[in-house]
């Protein structure tokens, strides 16, 4: 393969293939002096990335043309609304990365891209680690018995193998992967119904006492940690480019699936906590061990099998969606464009799939589930918060149309909303039983949102479907996501900070 040619010529190609194509300008990075020269232009390049914008027409026509032949609870629901409007209005691959690139510029899109990749890598690793735990219970062994102790780590080669198998299936054929998902989902639905019926049949209401053992703070901490369970709808949004009727199918898929998932999630949690006291629940294979505790030892095998099928489905869907994210990010040259190549025979992005699978495998091999869950939730909440901000920008700002004074007002009101939300979250963490701080922060959030509603006219009206009660619902989404982020412990933010610094170093030196 050769990577020599003109960038504008690449934009005209139908799609990047395993052939002699190029993704970088001819004169780029041929020698060390050229690289140093590029580094000397960091300020101008950064300024262009920060202030530059893409547009709807570019995303829908140009980028879609490149690939059309080859790749055919409250906060979560609020985020779904935001995703739905973008997915309907801009039906292209790339999900939140593509939407944020249009509304907030390349630099914000790059930070989001890094978090999307981090979320995908950590999410796949977390599911793979959980897969090993349920597989152990299926073999009538302890959840950690199949892991290899090494110092302070429990190495998990099975998780790596499961990720590799799921990726291989996804690379062979998208259609076959979807068919396999349909079968696995149908079987898993039957298992979920069994769990609910059998679980409530063996329910003991005394296990719900005390009802809130850790108070409201425990609820918010738990909600923030398990938030990644709702992150799958981003994978649905990124498949908009391959949807026959996105204006109908995307809203139905996102809102319908989120409503069903929320109800099922709450019922599953209630049945579990009524079967077994919360202090006795096994964090690695909760339902299998709960059924064993109520005398249904045979049922734990059925539950474990259902859980394995469900997590296998998650890994398969993740392998599809994550590769398409990576491909779209590579198209934008924010990671090496080599990862945008699509194999001519399978029609799947093999390089992108391998990148995500190898990275997830390395993380899954060494990391524990609790570490993965907290780090994953920070990234997910950050992306959802940025999506709500982007929706407000989309509605109230249009480049070269919105007057400068209105642009300034929008920036001020957004800063008030974000700062007041951060203040509310910080005060909750420092003074969970206090109230004085809320008297300041909550009215400020209200005034910031009302300022947008009263003083700024909407510059863009959705063509097909739009989020209702704008700016109130997106502003509430910003506040809730930031609040949940503040409910996570300091270690999660330390890991998130380290990853962000690494992203910025890459962006300055390469991206």
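Including glycine, each Cβ sits where the backbone N, Cα and C put it.
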Given the ranges 32-56, 107-131, which one is assigned the annotation transmembrane segment in TrEMBL?
107-131
Given the ranges 351-374, 375-398, which one is assigned the annotation transmembrane segment in TrEMBL?
375-398
Kindly report the helix/strand/coil residue split of the domain 'Cationic amino acid transporter C-terminal' (465-511) according to DSSP, in that order.
35 helix, 0 strand, 12 coil
Does the transmembrane segment (375-398) reach the transmembrane segment (151-173), going by 3 or more CB pairs under 8 Å (6 or more apart in sequence)?
no
Dominant neighbour of the transmembrane segment (151-173) in 107-131, 252-274, 410-429, 464-486, 492-510, by Cβ pairs under 8 Å:
107-131
For the transmembrane segment (464-486), which partner among 107-131, 252-274, 410-429, 492-510 gives the most CB pairs under 8 Å?
410-429
Stretch among 107-131, 252-274, 410-429 sharing the most Cβ pairs under 8 Å with the transmembrane segment (492-510):
107-131
